[in-house]
Structure formats: C-alpha cells, structure tokens
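K.L.:
Sharing a structure here in structure tokens format.
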Amino acid sequence: MPVKLSVNLNAVAMLRNRRDLPWPSVTALGRIALGAGAHGLTVHPRPDQRHIRFSDLPHIRALIDDEFPDREFNIEGYPSEDFLRLVEETQPEQVTLVPDDPSQATSDHGWQFQEHERFLAAAVGRLKRRGFRVSLFADPDADEAALAVAKAVGADRVELYTGPYGACYDDAEKAAKELRKLEKTAKTAQGLGLAVNAGHDLTVANLPALVEHVPSLAEVSIGHALTADALEYGMAETVRRYLSACEA
C-alpha cells in the first residue's frame, strides 16, 4: 500500500500567531491539503499554545467529520493529564505520544521505553480503552528490546524520528548510514507486530529514498518543509508533490 501523508499544521498556526489575526486559517489550509489528496492532518498542541491552540482542535475535527470522513486526525503530544483530556474530548483517529519537555521547539528524540514502561502502559491503556490508535515516538536506532516494550504497553505503531536523516541528506555517505538504521529499526518493529510511521525534517527531496528503504512505512507526517514549500507553490500543488514523493 502507498505511504499515507498526514500534513502537520503547526507551522501554519505559528505563522498565524505572529499577529493577533485569524489568518492564515489553520482549518482553511487543512481543507486545501485534504482536498489535494492528503490522507490526514496532524497537530501538536503544546501547553503554551504557541502554534496550535486548543480552540483549533474542534474545528479540525469538524472539518474531517463533515467534509472528509475517510481521512484521519492525528494529535501528537506528551501524555500529561491535560493532554490526555484534550485528546479524549477531540476524538482523533490516532494519538502519537512524544517524550517532549513542554519548552522544546520540536520533538528531537524518542522514548526511553524501558525507563518509562509503567508510565507509557498507563497512558496507552487509557487511550486504547477509548478506541484510539496509539503511536509512540522512537529513536531511529531503537533496538529490539526497546521496541518490544512499545509493543508490550499496547502501542499499535511507532513513529521513527527522521531528524538525523534529514539533517545529513546532502551527505550521501551519512544519509545512507541513517537510512540503514531506519530500515533495520522498521524491520524489527514490523517483526514485533508494530506498524511504522515516520516524521521530522522530511522533504520532497529526501522522502523518496526513505520510502524505498522502508517499504513497510505506513504514514509520514510532514509540516515545516511542506509549509515552506506551500509558500512558493501553494498548498494544493505542494501536497500533490509530496504525495508523488511518497509513491517514488
């Protein structure tokens, strides 16, 4: 099956929040992305609401329910009590749990699964009882023991952190090394019964090689690069380009 594309709207929200104005509209840009073929929308609401605001979530939920009922809403975040309540209110199809400190600019490392096993088991169990698919953020070189914990706590998927790959893409030797890590980790996860997502610093240029090396990839979530490209090419054309890259 082709890799699914979930468009992360955080960068759109950050641009909006530079001024006390209602535009660019997160919902309107989400509608364009879905209309161009994106399979879903992703947001990462942080406690300080510096990009996505809590008030955005019901509007995105309604957009998908009313106009694109075959698409998915993915909410990322650290599983604090406030976050879990927000998710339960919004009812996304997928919840991606990340080990971020609230002050971080972006997610930049995966879970230490053995260290946080009990904590994750409680959070994942709570979400699964509500019927959500749960993905856990994982380092690109997470080993079998770590991934086995992800499976044991009830996760459906892991999202592989692709930041190191994106950072060295212009260096063929380093990029090849990172791809081998991702390929190995994805195969291990799949062998344990975990589906595999990926995200962070993915671009229309580096996506095809990732898809080639990780054929089991279920979904990528892309925000910063896609939004930057949308400033030049428009959201609809940019989404079409990323969808083509997912099929390369």
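Just so it is clear, glycine is given a Cβ too, placed from its N, Cα and C backbone atoms.
Keep in mind it's a predicted model, so treat the numbers as computed, not measured.
Just lifted these from Swiss-Prot, have a look:
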type	residues	note
ACT_SITE	His44	active site, proton acceptor
ACT_SITE	Glu76	active site, proton acceptor
ACT_SITE	His200	active site, proton donor
BINDING	Asn8, Arg19, Asp201, Gly223, His224	3-amino-2-oxopropyl phosphate binding site
BINDING	Arg46, His51, Thr106	1-deoxy-D-xylulose 5-phosphate binding site
SITE	Glu159	site 'Transition state stabilizer'
K.L.:
Given the recorded positions Arg19, Glu76, Glu159, state which is nearest to His44 (active site, proton acceptor) when distance is taken between Cα atoms.
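P.N.:
So, of the listed recorded positions, the one sitting closest to His44 (active site, proton acceptor) is Glu76.
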K.L.:
Measuring Cα to Cα, how far is Arg19 (3-amino-2-oxopropyl phosphate binding site) from Glu76 (active site, proton acceptor) in Å?
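P.N.:
Glu76 (active site, proton acceptor) has its Cα 25 Å from the Cα of Arg19 (3-amino-2-oxopropyl phosphate binding site).
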K.L.:
Could you state the CA-to-CA distance between His224 (3-amino-2-oxopropyl phosphate binding site) and His51 (1-deoxy-D-xylulose 5-phosphate binding site) to the nearest Å?
P.N.:
12
K.L.:
Please give me the CB contact count at 10 A for His44 (active site, proton acceptor), counting all chains in the structure.
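P.N.:
By my count, 22.
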K.L.:
Express in Å, rounded to the nearest integer, the largest CA to CA distance found among the 3-amino-2-oxopropyl phosphate-binding residues Asn8, Arg19, Asp201, Gly223, His224 named in the record.
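P.N.:
So the maximum pairwise Cα distance among the 3-amino-2-oxopropyl phosphate binders is 26 Å.
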K.L.:
Can you name the residues of this chain that are 6 or more positions from Asp201 (3-amino-2-oxopropyl phosphate binding site) yet have a C-beta less than 8 Å from its C-beta?
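P.N.:
Once residues fewer than 6 apart are set aside, Asp201 (3-amino-2-oxopropyl phosphate binding site) is near Thr162, Gly163, Tyr165, Gly166, Ala167, His224, Ala225.
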K.L.:
Rank aside, I only need the closest one: which of the recorded positions Arg46, His51, His200, Gly223 has its C-alpha nearest to that of Glu159 (site 'Transition state stabilizer')?
P.N.:
His200
K.L.:
Can you see whether DSSP assigns His224 (3-amino-2-oxopropyl phosphate binding site) to helix, strand or coil?
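P.N.:
Looking at the DSSP assignment, His224 (3-amino-2-oxopropyl phosphate binding site) belongs to a helix.
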K.L.:
Let's check the environment of Arg46 (1-deoxy-D-xylulose 5-phosphate binding site): how many other CB atoms sit within 10 Å of its CB?
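P.N.:
Result for Arg46 (1-deoxy-D-xylulose 5-phosphate binding site): 20 neighbouring Cβ atoms inside 10 Å.
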